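All remarks here apply to the structure that follows.
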Amino acid sequence: DVCGTCHINATCEDKADGTGKVCNCKYGFVGNGRTYCQKDECQIGAQKICGQHTTCHNTHGSYYCTCLSGYSPSNSMAVFIPNDGTHCQIDECRVAGLCGDGAQCRNLEGSYECSCLPGYRVHGGTEPFQPHRENASCRVIDCSQPAPAEATVLLSVTGTMHGSVAMFSCEQGFVWTGGDNSSVCDADGRWTEPGLVCETLCGNPPVLELTERVWNSDSTPGSTVHYYCKEGFYHTGGLNVSVCNKDGQWSLPTLSCQVDCGGPPPIPHSVILWYNFSTVGSRVVYRCNSGYRNVGEGNMSVCTAKCGPVPVLANSEVVWHNRSVVIHRCLRGFHSWRGSNVSMCSHSGLWQKATLRCIKKPPITELLVLHEKCVHWNAEKYEEDTQSYKQVTYMGSRDFQKSFHDKGKRFLSSKAEQVGLCLNLLPVTNYSISITALSARFTATISTCTSLPPPAPLVFYREFDSLVPTLRLRRLANTLDPISLYQVFVLPIEGLMMFDCSDRSGNIKSPGHITALIDVRHVGAELNFTVGDGLFYGGFFNAPLKNGRNYYIILRAVSQWKT
C-alpha cells in the first residue's frame, strides 16, 4: 500500500495518468514524499526571507542566500543568512575603472571609496576619495632624475618611479670613507638621502728641494705644512706654508733656499777681494801681499754646487745617468708602487731625489673565483694606508652568441686583508674580471667560465642481443643546442675502464672507446643511432662490436662554450 508509506508531512494522491497512488509533500515542504518532507523556506519568497536583490537556496533542514549579479553582501561573504542583518547592496566597485588608473575600489554600505595602489599617490584630494565627487585621482610617483650630492657622481639608476634605486660614487679626488651609496625613490616622490661619505685626501704634501718640513701627517682639508731651509742653506724668499684645500690638492709653497758657501778659504801671504756674497756663483779674487808673487795658475775662487754620488733607492737599480740626471727602476721581483723614477742634480748642489717606491708584493694577490660567482683576493696595504679602495669591473661574452655582452662595475672599500665579493654573473658565459687598487693604481685580472648543466637526452635502459643494436633517443629542444653535443661510449662489461674522451684514432684494440660524437643542432626530437655500423660520426669511428662479448652503451651530454 503506497499510501501507508507516505511521510507524515505528505498526502497520498492519485497519479495524473490514473495508474495509481503517489505521495506528495504538503505545501511548504519539499522532499520525495515518502522518506522525508522538509520545510522549503524559500517558498516564503526570496525577497521576504533573504531580502531585496537576492536568490534563496533551499537545503536539507535549512537554506542560504546569495546576492544577484551587480550586488554584494554587506558582510562581504558570498553565502549568508540574513538573521545577522546581512543584506545585498549595489557593488559600485564592479564598474571597471571607477576609481581611475592606479587606484583600488572598496565597497561600502550604500557607497564606495577609492585609494591609491603602491607606486601611486593621490592628486587633487586626500585618501579615501570618490573621483567623480572630489575630482581626485591617483598619479604615478615620479622622483625625476636623482641629483648627486656634493663630491659625488651618479653611477647608475634603475628608473625614476617608486622603488627605483640610484647608485653613487665619490668624485675624482675624493675617497669613499663610509655610509651607504644607494638612494631609493620613496612613496613621497623624493629620493632618500644616500649615506655616502666622501672625504678629500690630499695625500703627501709637495717636496721642496733644500728644505725640511713640519707636518703632523694629517691630509684632510685645512691641514698645513711648514717648510724651512736645510742646514747650509738660507731663505731667499717665498711662502713657506702649504695648505690642503677642499679640492684635495696642496697649495704650492714658494720657499726658496740657496747654497751658502760661507767665507772663502784663506791663502797665506794674500789678501781677499770679496763683496761678502757666498751664494752659488759668487767669486773671490786673491792678491799676493807686497813682496810676494803668484806662482799658481789662477787667483779666483767660485762658489759652486756639487751633488756628489748618485742617490740610492731601496730595492732599485740605476739604469742610466749623466752626472745630472739619474733614472731608476725596481729590481726583479719588486713592483713599482708609486712615485717618480728620476733623480736630478739641482743648482743648489743637492740631488732632487726620486720618490720611486719598490715593494715586493703587489696590492692584490692570490686572486681567484669561487663557485663561479664570487671573487676572492688578499689585499696588501702599505705604511700610511689604513683602508684600501677597490674597483671591480667584469665583462662577459659568449663564443656561440656573438651579439651577447654583459658588463658591470662595483666599488668596494675594505680594511680587511682578505676580501671577497659576489657578482651577478650569468651562466654559460666567459668572463674577464679586473680588480683595481685605486690608491696604488694597480690592476689584477682573472678569467672564468660560468657553467650550466647540459640538456640530457631521454634514454631508457634496454638489453639487445645483436652486434648492431639501434638506440632510440628522444629529447626536448634546448637553448643550448649551438654549444651542445652527445658522445656515445662503448665499454665492455669487465671491471674498471679508463680511456681518453678526445681520442679520435678509432683504435678498437682499446677495451673501451668513444664511438660517435653527434652535434645536438643536427638532432630532431628523436634519433635512431645504430652502434657498430662502421661509419664515422664527428670524427670518431663507430667500430663494429665483437661477437660473444657484452657491452655497455653510454650516452654522454656535453656543453662547450669556450674555444
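Heads up, the Cβ atoms here are built off N, Cα and C, so glycines get one too.
Below 8 angstroms of C-beta separation, residues 9, 27-31, 84-91, 93-94, 107, 109 of the same chain, each at least six residues beyond the ends of the domain 'EGF-like' (38-77), sit close to that stretch. According to TrEMBL, the domain 'EGF-like' annotation covers 38-77 (among others).
Panel annotation: around the domain 'EGF-like' (89-126), residues 53, 70-74, 134-141, 161-163, 187-189 of the same chain, lying at least six beyond its termini, place a Cβ under 8 Å from a Cβ of the stretch. Residues or ranges marked as domain 'EGF-like' by TrEMBL: 89-126 (among others).
In terms of DSSP helix, strand and coil, the domain 'Sushi' (141-199) has 0 helix, 27 strand, 32 coil. The annotation domain 'Sushi' is assigned in TrEMBL to 141-199 (among others).
Under the heading domain 'Sushi', TrEMBL lists 200-259 (among others).
According to DSSP, the secondary structure content of the domain 'Sushi' (305-360) in residues is 0 helix, 25 strand, 31 coil. Residues or ranges marked as domain 'Sushi' in TrEMBL: 305-360 (among others).
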